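According to Swiss-Prot, the protein has these features:
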COMPBIAS  1-15  compositional bias 'Basic and acidic residues'
COMPBIAS  29-39  compositional bias 'Low complexity'
CARBOHYD  23  N-linked glycosylation site
CARBOHYD  317  N-linked glycosylation site
REGION    1-46  region 'Disordered'
TRANSMEM  56-76  transmembrane segment
TRANSMEM  88-108  transmembrane segment
TRANSMEM  123-143  transmembrane segment
TRANSMEM  156-176  transmembrane segment
TRANSMEM  185-205  transmembrane segment
TRANSMEM  212-232  transmembrane segment
TRANSMEM  255-275  transmembrane segment
TRANSMEM  282-302  transmembrane segment
TRANSMEM  321-341  transmembrane segment
TRANSMEM  386-406  transmembrane segment
TRANSMEM  451-471  transmembrane segment
TRANSMEM  529-549  transmembrane segment
């Protein structure tokens with residue numbers, strides 16, 4: 001069991017970065033015994049919202065735009081990929097158009113947290129956005145698959161930075177108590193981009209060329225760059241020279257981390273699609289990567305890492321550990337639902353990809369207000385545990401309802417079930433990061449947010465691999481029983497069911513064969529949704545690990561917005 005009092009007292013050095021004793025001694029203590037100057041109930045209720053000028057709102061719009069764009073480009077290739085491969089070729093390399101982006105975005109997130117602490121928030125954010133725009137231009141102009149993959153990797157490196165820094169900047173300029181409201185806006189835009197990517201890709205491919213799925217980022221990204229340059233003006237320590245700053249980067253730790261995570265991601269990308277899960281080509285990179293992650297954590301806690309990318313004290317209290325676990329499972333469930341509701345729409349209802357994109361709007365249109373409600377409640381109550389319990393419970397109900405869907409389900413059923421699920425999952429969106437940061441000092445904001453972003457992204461990777469394996473395995477079991485044609489059974493067996501769960505494939509079959517195939521897909525999806533309940537249940541259990549920590553209502557950070565220079569008397 002984690003030690004609460006001793007670990008929290010030694011977690012930070014109170015002499016550094018102006019950390020107040022209150023934030024150290026009260027870390028992760030029960031509310032009833034928190035050693036604050038006010039009672040917890042007073043802290044929760046007597047908080048007046050800070051007044052914010054137009055510069056704050058301009059900054060919020062700027063970082064929201066950057067987050068929306070990078071999230072949109074993260075999923076936009078899922079629908080456009082067949083057209084891209086048809087034009088550029090590339091054979092088996094096509095998978096790296098998706099995986100290259102995913103690998104770069106996931107593996108680089110902790111490093112961006114450290115860069116934000118060393119160089120401030122402004123230039124890493126501008127650099128990441130510029131890299132993303134450059135990568136988009138390379139992708140749009142690619143004449144072969146190798147160039148496209150290189151552009152996607154650049155996009156991923158840029159997206160990694162914008163994701164981490166968007167959340168970090170909000171934490172810098174908004175007190176902990178109010179953060180969930182504004183995180184609901186920013187992260188809601190990120191979620192919106194993630195969900196709408198395939199829909200926009202379908203429209204673009206249908207009415208134009210796939211290249212505009214990438215060229216679209218140029219004017220939008222350019223506008224985001226101009227806005228960020230104009231409005232992202234936050235404080236940071238400028239006294240240290242460049243050579244000293246570069247020398248403080250945890251080069252060895254970051255290299256070890258990137259290598260370990262890449263190994264895990266390679267294993268997951270091959271599992272169930274290129275090789276069977278039991279293949280040594282899958283198991284070896286998975287085991288090597290997991291061992292590498294363990295070695296990375298040992299290194300980060302050693303004397304060889306004086307300025308670690310992921311300080312171990314981030315995991316030194318049960319609240320932060322509980323929130324990290326919840327974040328991992330929330331990442332799994334989020335992508336699980338976004339990827340497998342379209343399988344139902346296309347593989348069971350027979351919808352086209354573009355119509356499927358419209359049908360899943362029920363999730364999007366419900367999750368955004370749900371995030372707003374979660375953020376409002378957290379700010380109003382100054383509590384997160386009741387929200388987490390309620391959110392996971394409703395998420396479990398929604399996932400369970402999905403298992404009832406079949407080819408005869410009404411529109412009201414699949415719309416209503418999405419709304420129920422989204423109300424639960426949506427309230428978690430803005431309330432996990434503030435809960436993670438509650439027991440930590442403000443000096444840990446960037447590293448904490450970066451680690452949290454990585455855990456969420458890492459969960460999303462598993463959220464595609466696990467349900468695909470469940471779906472394919474169940475289809476292999478059902479096909480001999482439900483499909484009459486041996487040739488048709490061979491089409492979907494051996495891990496190929498997921499890739500065939502499309503309206504295009506169903507359209508090539510006779511009516512009788514199509515009904516048999518829909519039955520296989522429907523029953524396989526039912527199993528997939530039932531398995532998802534286990535992961536959401538573990539998220540609910542993790543909520544019991546966290547403790548309620550009083551949420552600070554004042555900022556104590558070195559990276560807040562720069563004060564406006566007063567006008568001279570002659571100008572007044």
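Here the Cβ of each residue, glycine as well, is placed from N, Cα and C on the backbone.
Note that the structure is a prediction, hence the values are computed from the model and not measured.
Between the transmembrane segment (255-275) and the transmembrane segment (212-232) there are fewer than 3 Cβ pairs closer than 8 Å, counting only residues 6 or more apart in sequence, so the two stretches are not in contact. Remote same-chain residues near the transmembrane segment (282-302) are listed as 250, 252-253, 256-257, 259-268, 270-271, 275-276, 308-312 (criterion: CB distance under 8 Å, separation of at least six residues from the stretch ends).
In this chain, the transmembrane segment (123-143) lies in contact with the transmembrane segment (56-76); the count of Cβ pairs under 8 Å, excluding pairs fewer than 6 apart in sequence, is at least 3.
Note on the transmembrane segment (88-108): residues 73-74, 77-78, 81, 142-146, 148-149, 152-157, 159-161, 163, 257-258, 261-262, 265, 269, 273-274, 454, 457-458, 461 of its chain, located 6 or more positions outside it, place their CB under 8 angstroms from a CB of the stretch.
Packing against the transmembrane segment (123-143) from elsewhere in the chain are residues 63, 66, 69-70, 73, 88, 112, 115-116, 150-162, 165-166, 169, 211-215, 217-218, 221-222, 224-225, 228-229, 232: each is 6 or more residues past its ends and has a CB under 8 Å from a CB in it. Annotation: stretch 386-406 has the most Cβ pairs under 8 Å to the transmembrane segment (529-549), among 156-176, 212-232, 386-406, 451-471. With a threshold of 8 Å between CB atoms, the same-chain residues lying at least 6 positions outside the transmembrane segment (156-176) that come near it are 50, 56, 59-60, 63-64, 66-67, 70-71, 73-74, 100-109, 112-113, 115-116, 121, 124-125, 127-135, 182-183, 186-187, 190, 232, 234, 433-434, 437-438, 445-446, 449-450, 452-453, 457, 551-555, 557, 559-561.
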